[in-house]
Amino acid sequence: MVGLTTLFWLGAIGMLVGTLAFAWAGRDAGSGERRYYVTLVGISGIAAVAYVVMALGVGWVPVAERTVFAPRYIDWILTTPLIVYFLGLLAGLDSREFGIVITLNTVVMLAGFAGAMVPGIERYALFGMGAVAFLGLVYYLVGPMTESASQRSSGIKSLYVRLRNLTVILWAIYPFIWLLGPPGVALLTPTVDVALIVYLDLVTKVGFGFIALDAAATLRAEHGESLAGVDTDAPAVAD
């Protein structure tokens with residue numbers, strides 16, 4: 001049977017492959033588009049470091065009769081705002097709107113981490129707090145952010161909707177794994193818990209990025225447009 005360490009190494013390798021691919025794809029990006037690639041590199045790069053750390057056995061924190069993998073939550077606290085930031089760039093959010101969605105996202109992650117670290121029944125109250133914040137985040141992703149994205153080109157809007165759907169659907173699975181796994185009622189073994197999380201992390205980070213790269217290539221080839229929504233043949237404009 002595959003052990004936890006092996007699963008963590010698989011996650012690290014997958015994230016590293018994604019990081020290298022995103023860095024290579026963005027090597028010639030114009031100034032307006034560069035931040036999209038930097039964000040993708042940050043998402044998978046941070047996750048790669050977290051998985052290496054866990055594979056080395058660092059950050060395995062005993063809580064009651066379970067083990068909390070602290071780097072997992074630190075990874076999420078750092079990378080999920082970057083995913084939301086990327087979506088916000090596509091949607092064309094202003095600074096106030098960015099602040100709202102990133103704050104909601106951070107509350108979700110902090111509540112999940114705190115709940116995992118609490119041995120008693122109070123952890124479910126923290127889980128509930130995170131769930132409420134998650135519903136608020138979904139509302140913004142599906143409502144105001146989608147409306148904002150509709151003001152952009154059809155290609156950018158289509159990419160936003162694809163990435164939004166991927167994010168919302170797969171992120172909605174994480175709370176159930178938390179509840180059914182070691183932090184909750186422990187119906188899932190640690191190995192199953194880790195395997196599911198590794199798979200979801202790879203899809204929501206590396207898969208997310210590859211969808212963005214594919215769409216960027218299509219926009220460039222068919223419309224002469226970049227992720228930043230400008231003509232790729234036009235002079236680059238500083239951010």
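Using N, Cα and C of the backbone, Cβ positions are placed for all residues, glycine too.
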Return whether the side of the membrane given for Ile121 in Swiss-Prot is the same as that given for Pro183.
yes
Contact check, the transmembrane segment (4-25) vs the transmembrane segment (70-91), 3+ Cβ pairs under 8 Å, seq sep 6+:
no
For the topological domain 'Extracellular' (56-69), give the DSSP counts of helix residues, strand residues and coil residues.
0 helix, 8 strand, 6 coil
Recorded stretch that, among 34-55, 154-181, 190-222, has the most CB pairs under 8 Å to the transmembrane segment (95-117):
154-181
Please identify the stretch among 70-91, 154-181, 190-222 with the greatest number of Cβ pairs below 8 Å relative to the transmembrane segment (34-55).
70-91
